[in-house]
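To start, the structure itself, in structure tokens.
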């Protein structure tokens, strides 16, 4: 029985980890090796996964700082940084707020901006941002990666990459986007090209570099580009 349980655990582990697998080539040939990504790894690719019930804001902010700005920060580092500017008791019961994020970002010498916009304008947003959604009665911070047509692509620290119909997203969103602005922004960061759902056939439009003028609309200044 112990051997059976161990085998099952190993099987589960293999399904959640990347592996290099060999595939038969032409008849009589050798194997062709290809790196295979597990479903879980694909789901959280380029996202910082939250580890606690209250840390969705920290994980979302860590995702943007790491993937869009190259800052070597994980969720725990961001939690510690934000706790220095927040009330620990409020955080324990309610989680972090956008104000906590703003204070932390500004302590790093960066800027934070909150914008209230209509759902129909989301496609004009050219940078990844943090938004607050209400999902099944719970308020939850996620990374708004991109809006294309009638779909919104979200990096959820708890659930991974998600795609919502724009109308569905708008029902659970409070209408505010929280943008992090500063030097070192990578215009080709992976958050702008989220993976399509595994069942989808259509791919995102080919990535187009973001122009300076588009970034400056959201608070970037010329010195941020050098």
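Even glycines carry a Cβ here, placed using N, Cα and C.
Feature annotations, reproduced from Swiss-Prot:
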{"type": "ACT_SITE", "residues": "56", "note": "active site"}
{"type": "DOMAIN", "residues": "50-180", "note": "domain 'Peptidase C39'"}
{"type": "SIGNAL", "residues": "1-18", "note": "signal peptide"}
Cβ-Cβ neighbours of residue 56 (active site) (radius 10 Å): 24
Residues of the domain 'Peptidase C39' (50-180) by DSSP state, where helix covers H, G and I: 51 helix, 44 strand, 36 coil
For the domain 'Peptidase C39' (50-180), the mean pLDDT of the predicted model: 94
